Structure formats: C-alpha cells, structure tokens
Amino acid sequence: MGTYRFETMEDFMKAQLRRYVSVFLLFFAFLCGAAAVTHYSIPEEMEAGSVVANLATDLGLDVKTLSRRKMRLDIISSKKYLEVNKETGELYILETMDREYLCSSKTATTCFIKMEVILDDPVRIFNIEIEIVDINDNAPQFRRDTIHLDISESTPAGERFSLSNAVDPDIGSNSIKTYYLSESEHFDIEIQTGRDGSKFADLILRRVLDRETQAIHNLILTAVDGGVPARSGTASIIVRVLDTNDNAPKFDKDSYKINLMENSPIGSLVVKLNSTDLDEGLNSDIVYSFSLYTSEKTQETFHLNPDNGEIRVKEMINYEDFRIYDMEIIATDKGVNSLSGQCKVTILITDMNDNHPEISIKSFSSPVKEDIAVGTVIAVVSVSDKDSGENGQIDIDISDELPFTLKESSDNYYELVVSEPLDREKVPEYDITFTVTDRGKPPLSDNETMTLELLDINDNVPQFPQSFYTIQVVENNAPGALLSSLTAHDPDLHENQYLVYFIIEKEIANTSMSMLFSINPENGNLYALKTFDYEIEKEFLFHIEARDSGVPPLSSNVTVHIIIMDQNDNTPLIVSPWRAHGSVVEEKIPRSTDKGTLIAKVIAIDTDSVHNSRITYQFLQNTDATLFSLDQYNGEIRTMRMFSYRDSRHQRLVVIAKDNGEPSLSATVTIKLSTVETALKTYADLTEVPLEYDIFSDLNLYLVIGLGSVSFLLLITILVTIVLKCQKAKPSKAAPPCRNSVISERNSTIADSTLVSNDAYWYSLFLAETRKGKLVVRQPVPKGARYIVSSIPRSTGLTETSDSAASTLQASTTTSSSSS
C-alpha cells in the first residue's frame, strides 16, 4: 500500500468514509451473489485454449465493460487452470486438468473446481462451479507385475489362492469391471466384489498338479475396465509346484551282464550303475547298496560306491579261481517315506593274454663292409610265447624303411638278410628293431634292438664345389700371395678321405706352371710364386687335381682360370711433338696465322689397359690463355684468334698428359713458339708439289731453261730446307700433315690397308724424311707388343708398312719420353 499525506483533518475523515462505503458495497455484493452458483461440467484432459462457456452471456454482463470493470477470476483452493477473456467474456482452459490429480480420493464420485468472477465499479461477485467429468484415460494396473505362488503337488483340487487385485484411478464405469486368466487345464479364477464395489479374483486349482510332469506353470491374469474403449492391464502368475516323495528310484536296466578281463587292476571301474528318481531334493537323493542275496565272496571282490553306484575291482581277479559273479543292487531315496528299486548284475570273467612273447638273438655280425652283397645273412633270431592258442601265435616284424628283410628258416627261427645295396656315406649305421606280437586280444608285444655298423670302402671320388674357377689377380702382386682356397670334399672315412692337391703340369712359353703357382697339398690353398705384369701376361689356364689316400686312390680335377687385372703402373709417354734433345720443343710460326690453325698436336701413349690408358691433355702453363686452345681428348693446339701487335713474339706452352688410372700418372712437354713476320710456305704446301729429284737427270730440260733458272731453283731449295728444319709448317686441307703433326685414325683403314681393331688406338709420328717419303712410327693399344714402322710415299700418300721390333727407333723414343 502507498503512503498518503493529508493537509487537514477534514481530508483524512473524508478518505476514511469513502473506504468504509466501499467495503460495505463489496460485502453486500457478496451476499447477493452467494445465493446463485453458475455450474459447468467439462471432461478432464481438455486441451489448453478450449472454451468452457461465455460468462458475459451466462451472467448477463455487458462485454464492452468487462475490461473497464477489471473482470478477473479467483479460483478457490486450486491451481489456476482457467482464465477469462476480457474482450469476449469467454471462460477458457489455461492448462490441461487431470481429474485423478485434482480429486485423488477414490471415494469421491464428483470433482469440482470452485471460483469467483469479480468485477469492479460497481463491485459484483459471481460463484462459478466447474465439474470435472471422468474419462477412461487410465488402464488397470497391478500392484506387482509378477505374482509368485508355491503349491504342493499333493494339494487337492478346488483349493483357492488369493491374488493381488488391480487398481484403476478412474471411477464409475471406467474402473475395473472384470478379470481374465490365460488358458490352463489346472487353474481357473473366480471374481469377487468388495464392499466398496472393487473387483478382485481368486485362483482356483481345478486339477491336481504333478511336479514330475510340469514343475512350473506360467499364467497371465488380465484386468479389464468398463470404459469405451476398454483398457486392460496384466500380471504374470508363476506357480512353482512343490515336490512330494511319490516316485521310487529306477535303474536304466533291470539286469546287467558285464565281461571283465582277469588281472584287471585293483580300483578299475567295472560298471557305473545309473538310477534316477523323478522327485527333487532329498526325495531324489539315492543311496546304493548290496542286497542280502549278494554273496560275501562277491562283496569282498568288488566295491560298490553308495553315492554314485560305481562298482570297482577290490581284489585281484583270477579266471581260474572264479569265472562268474552275481549280485543284486538296491537304490533307495532319502525321502521321509523312502522308496527303493533294484537290479541284478552278472560279471563274466574273461581269460586274458597275460604272457608276453619273447625274442632271442642267436647270431649277429657287426660291423660289415658297406659293399656287402645283397642276400647275405647278418643275423639269426628265435621267438617264443608261453600262452597257447591265438595268444601263443607270434608275428615278427622290422621297419619297412630298412634295407633288410626277414626270412623264416624253421619253426620260430628267422634270418635277417640284406635286401638292398648299402652305402655308408648315406647311412653309417642302422638301428634294427625286431618287434614280436602275439595274436591275443588284446595282443602283447616285445622288441629287441641291435645296431649294425658299416665299414667304409674307398668308393667316392673327391668332389670340388665348382668345375671351373675364375680367379682375378691384380698385377704387381706380392710373391707368395694367397689367391684362393680350392677345397674338395670326399665323404669317405679315414685314409679314404685324406686328400692331396696337385697342379697338373703345363708349360707356357717354356715356363712350368709350378714355377708360377703353388698349391698347399693338404688344404688346397693356391699361391702366386711371382709378381705378374699385366702388360706381359694377362691370363693363365691350368688344372688342379685332388687325390684321396685310398687303395686304389681316386681323384678328380678342376680347371683354374687366372686373370691378371691391370694396375695403373705405366706413365704416359709423349711421342709427339718430336723432341731431339731434352723436353723443350721450339717452333716458329708466322704472325699472320689464321684463327683455328693447328699449331701443334701432343700425342701420348700408355701401355696399360684400355681404361688406364685413356689420355687427357691440359695446359699447365699458357703465356696467353686467349691465344691458344688445347683439345683435351686429341691434344690439338690451335689458335683461338689471330696475332696482334701487342702479343709477345715468344709464347711458352706447357702441356700435361694424364691417364685415367687411380692414381693418375702424367707426363709433360714444353713447346716454345716464336713468331716471324715473313710468311713462309708451309711444309704442307711444299708436299703439294712433289720434289722431283729425278729432274737432275733430265739435263736437256735444264740446258733449255738456262743457267739462270738453275741458280734460282738452287736458292729456293736451300731456303725451303732451312724453313722445314726451323719452322713448323701450316697444314693444308688437302695435303698430308706437316712435320711433327700426327696422323690418327680409328675404326678406319690406314693408307697401307692395315685394318685397325675396334678397341685399339693408332698413333703416328713423322720422325724423318727420306727420298721416298716420310717415316712414320705407330703404336697399337692395348696390344703394346711392338711398334710398326711405315713409309708414306711423297707423291701418293700411300703407306708401305714394315713390321719390325722397336730396336733403335723404340729406344730413342723411350729415351725422349723419359726425358720429358
């Protein structure tokens, strides 16, 4: 409430008066409205928003004044489930109502919600009563889903058992109407009505129960209400039938006949009797016992287990003493009024094969040689058995995998004979097991094992793992170096196995193999006796023999191929340009030489193998790197440009020739070039016009020309001779190379029609000039055995080749190379 302040006492008195009038009018309106109650009935579970009635119409109110008069609902003692629309005067559902929740008392037949409709100015109060009508919205439900009953199988028919009833929150016709029981030949129900009108059912036993036939009965009890449509609920009834001792123990068979072997072990099972009792608990627990009709001898010989009915041997049984045992066994249950059953047991004793056959070795030869003849007798054995009949009949056997067979010589005597050739290297000894078995049931057997040892003979040739050995040996090896171990194998024994190794003598170039190689006679280790040079000797082929020490000895041999592997042990030899003295070559060239002109060609040879003898060329020193170029593969030195006035008159070139070995070996040559201003004719140009030495024999021609011409020719010849000796000529495209240049051909035919092999390089060098032509030295690689000297005619360029040992030319070339 707010706080009001009054300025005068008069104002305060007027306000109090107005308050009293209002209270009076409100009380008067209440008294007038109490006499009339507006009643409505609605079903439960109506949806929210559903209209119940139009209060404005039913109460005679002006719809337009409802908002101004502040129309409102006042629900008494209940949650506000309804509301009035002040615009239309409609009473509508605000929240769904559940009659069972609002009126939980089962005894209440009606359920009301009371409320007041209050309006101001003037104040009016209307009493509204809403009856909630029940609908069938609840199904019957049992307090327990499962009902357990224990009923003895001795219970008489007609016995009645109370069952838990179902409940239904609905009232009237919507409550429980009746019960139904699932189909059963033993049970039925009777429906009872309580004082309050509730329904419940009793279970009636219509037929006597038998636990042994059916121990558990499962029933379904259904409660159905009277609503439309009807609803129902179910509960399971489990009836457990309690047992009574109404069944006697019963054996599987009334009588048993059992065959038992004599000498059966004490404690062995004879038979396990099985007696069943359909009852349960103590009524089905069975105790076994001998009856009074069972003899004392039988009870002393056999033991009966009272709990499980097992009959076991108690004493040793002898067929000769007692052959048949009769007994009567009684099975009794442990019920209060015990019941029993019995059966007869007859035990027949069977004679058994209780004597083992015996084997005796009368003769045995061991050891024997492995080449013993097939059919030779190596042993004689005899067999016996104390039993009679089939128990005394004996069979003797040995393994089928053995190279022996048994032959019967007389009654119960057998001979062991060799049936296959023997080989000690495959099987050095045999364990021969003789097995004897009688024909009793069950059969008895015995065995005897003897060991046959084989003596070795020399019947195996030594064998090498390989028939051909290839051994690679690097040249310059140390004398006495181990090359390989050639070991043979001989499966024989002792002296037949001891091997001795030999080199089969073979001469190569009047040299015996034993001078080059040695083999250890005991272990086959092969050694080199000398240092090999690849450039002289490249391979050897010989045989090695392995011989055993048997009598007579046996042997085999193997081929050995020794391949000498090259080392880079030869320094390249520079054979061009030709150096008469020392390692410096001096040449003169015109300053007018064109770009790309061949100045010189460096050629080196190497007597190593193809891989190690491949030569590459490099400048170690070059006065002007822009003036000359060197081809690293063919050694050609050419001008890269023309000479200028700034270039020095003297050029110094140092060329190194390196082979392809590891490590690489090399040789060097120094070329001093001097430039001259006068352009002289090259040696190649001179060779284009053949020097006709025969012209001096034609006197008639010179007499015509005159003395002046002779003098002029003489002067020219002298000048040309000087130039050829002091200056390297410029090459011509069509002419042969000048002095100190090289003719190099590969995979082609040389002028003398000699075919160069595909894997060889030919090198040529002009060493001198003769009247007939130019002298050429050529070295083939990798043959490397000698030089070939050829003569190239001056006029034709063809080569006349003569084969000669290097002799003086070779020696001079070698001396020149070493000096470089």
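Note: Cβ is positioned from N, Cα and C throughout, glycine not excepted.
What TrEMBL says about a protein is an automatic prediction, not a curated fact.
If you look up TrEMBL, you'll see 34-142 (among others) marked as domain 'Cadherin'. For the domain 'Cadherin' (34-142), the DSSP counts in helix, strand and coil order read 12 helix, 42 strand, 55 coil.
Mapped onto DSSP classes, the domain 'Cadherin' (143-251) shows 3 helix, 55 strand, 51 coil. Annotation source TrEMBL lists domain 'Cadherin' at 143-251 (among others).
TrEMBL lists 252-359 (among others) with the feature domain 'Cadherin'.
The average pLDDT for the domain 'Cadherin' (360-464) in the predicted structure is 90. Residues or ranges marked as domain 'Cadherin' by TrEMBL: 360-464 (among others).
Taken from TrEMBL, the feature domain 'Cadherin' applies to 465-574 (among others).
Per TrEMBL, the feature domain 'Cadherin' maps to 589-692 (among others).
What TrEMBL records for 701-724 is transmembrane segment.
Look at TrEMBL and you will find 796-820 tagged as region 'Disordered'.
Summarising the annotation, TrEMBL assigns compositional bias 'Low complexity' to 801-820.
Counting Cβ pairs under 8 Å that are 6 or more residues apart, the domain 'Cadherin' (465-574) and the domain 'Cadherin' (252-359) reach fewer than 3 and are not in contact. For the domain 'Cadherin' (360-464), the number of residues in each DSSP class (helix H, G, I; strand E, B; coil) is 4 helix, 54 strand, 47 coil. Within the domain 'Cadherin' (465-574), the DSSP-based counts of helix, strand and coil residues read 7 helix, 52 strand, 51 coil.
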